[in-house]
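Per TrEMBL, these features apply:
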- A:24-171: domain 'VOC' (DOMAIN)
- A:94, A:121, A:167: Zn(2+) binding site (BINDING)
- A:167: active site, proton donor/acceptor (ACT_SITE)
């Protein structure tokens, strides 16, 4: 589809209000049961960096902000500067940890992919999806959909420790 | 917290596998009931651009990819080039429309913020949160939390047409 065709679809404002010009789609927040397991998955398996942590002890929750960066040297060392930086750029992942949920064996969060549905997934793009999926297999990461499953042979879905789906795609056409 | 302290938290892999070096946190997917209403909200109210649409007529769904860009001139005109571009960068929002849901008055999606909880919100950062919230009020956008509500006076939450929460923050400290 051309951009003109996309911009003519019902509902689309082709030339948005100038007021929105500097708006940034900064982050997505998901709740996680076991913070250490979630941090392990997002940093070790997917390569995110933890860039900020905010505690709210009276309300018994903490927020963790992660970014997936090719160049980690760009992360500001100074906490105040790092705080402004993480609020100003796209592609941040926020994990909310309600303290103590990790100690309740029956506690689970809802992935959004069974009733009642809503949120679907996060997606990480990779340069080589065959290599990435082979690595995930080696690391014992659970798959929701392997490359070979179903009709779409160029995408996969893995699951994070809370069961949220993470789609894996490749930047370029999959051979 | 210093970066060294963040990197020493349980679960954190401070120096991720080189295999993840080019990984990009590309997008977040949410399902929407009424596509035209969702596109209107994300393009007119929040300033997103619709950059790709993929139809799956046999499975009766369509995917819409949006980006929130300060410079719309960077959107490639060529569809194939635009496809590769949208898969290679962070901060994309994917809307899934299951055809026909908009005709069922009883149909709703789940925001993730009532039981069963999971996904929490998207977040858009703005240069002037007072101006942004005044504009949302003027546009009749429903609020989940106004700036004046609760103890956190520097964040707000608005709701999209499906009831998903969109947090609004300001890049800089709020006066």
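The backbone N, Cα and C atoms fix where each Cβ goes, glycine too.
On a predicted model such as this, the values are computed, not experimentally measured, just so you know.
In this view, residue A:167 (Zn(2+) binding site) is surrounded by 20 other Cβ atoms within 10 Å of its Cβ, with every protein chain counted.
Sorting the domain 'VOC' (A:24-171) by DSSP state (H, G, I as helix; E, B as strand; all else coil) yields 36 helix, 53 strand, 59 coil.
Across the domain 'VOC' (A:24-171), mean pLDDT in this model comes to 97.
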